[in-house]
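Asks: What follows is a single structure, and I will ask about it in a moment.
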Amino acid sequence: MFSTSNFINTFPMSAYESSMVFLQADVLYKLIGDSAGLKGDGSEIVLDLFCGTGTIGLTLARSAKHVYGYEVVPEAIADAQKNAQLNGISNATFVQGDLNKINETFGKEFPKPDIIISDPNRPGMHMKLIKWLLEVKAPRIVYVSCNPATCARDLDYLCHGVEEKGLRGCYELKRVIPVDMFPHTPHIECVCLLELC
């Protein structure tokens, strides 16, 4: 529900968004949360890649030890911080950074994640990030995609590796749930669960 103060009531909390970002539907967040499968005891670290305004990570924060979100758009990071404050969430940290340009220091500023949420834009994930994911070996990855072609490519890399890059796959695809976010259009979102083999 929109108000004149530009606040949106989403899932079990409120969110703030600037005119530069896109806020996805509550049903998508529920599917992501179910796929993430947090224990709910506050012991798990969640890494929210391509976090946007933080809404996915923030919906998981009350069940997690800490959520770390990364996003390239500075305005989205500012909105994520506002959303955490608005909802009284203190166990979330949001960092502005380009996940297509990560280097060997990426990941050293937070503990090893138990669950990774990755919601990249249409081109999918950069090979540097895929390499990092295959090295860090988080127990679960929830991959959210708006492009079935790049989703299939990235899932293949995570499950089977990239031979020419010397990368071995280490994940098993457990399920893919298509979500019709935009009825009567060719656009869909997919929520994919991968578990470490």
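Note: Cβ is positioned from N, Cα and C throughout, glycine not excepted.
According to TrEMBL, the feature active site, nucleophile maps to Cys146. Summarising the annotation, TrEMBL assigns S-adenosyl-L-methionine binding site to Phe50, Glu71, Asp119.
Any idea what these are sitting next to in the structure?
Replies: Taking all protein chains in view, 20 other C-beta atoms sit within 10 angstroms of the C-beta of Cys146 (active site, nucleophile). In the three-state DSSP classification, Cys146 (active site, nucleophile) falls within coil.
All protein chains shown were included, and the count of other CB atoms within 10 Å of the CB of Phe50 (S-adenosyl-L-methionine binding site) stands at 20.
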Asks: Helix, strand or coil by DSSP: which one applies to Glu71 (S-adenosyl-L-methionine binding site)?
Replies: strand
Asks: Let me make sure I understand the structure: which of the binding-site residues listed (Glu71, Asp119) has the fewest other Cβ atoms within 10 A of its Cβ?
Replies: Asp119
Asks: Any idea of the Cα spread of the S-adenosyl-L-methionine site, Phe50, Glu71, Asp119, as a max distance in Å?
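Replies: That value is 10 Å for the farthest Cα pair.
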Asks: Run through Phe50, Glu71, Asp119 for me and report the binding-site residues whose CA is within 10 Å of the CA of Cys146 (active site, nucleophile), in sequence order.
Replies: Asp119
Asks: Starting from the Cβ centroid of Phe50, Glu71, Asp119, which together make up the recorded S-adenosyl-L-methionine site, report each further residue of the same chain whose Cβ lies within 8 Å of that point, ordered by sequence.
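Replies: Neighbours within 8 Å of the Cβ centroid, excluding Phe50, Glu71, Asp119: Asp48, Leu49, Cys51, Gly52, Gly69, Tyr70, Leu99, Ser118, Pro120, Asn121.
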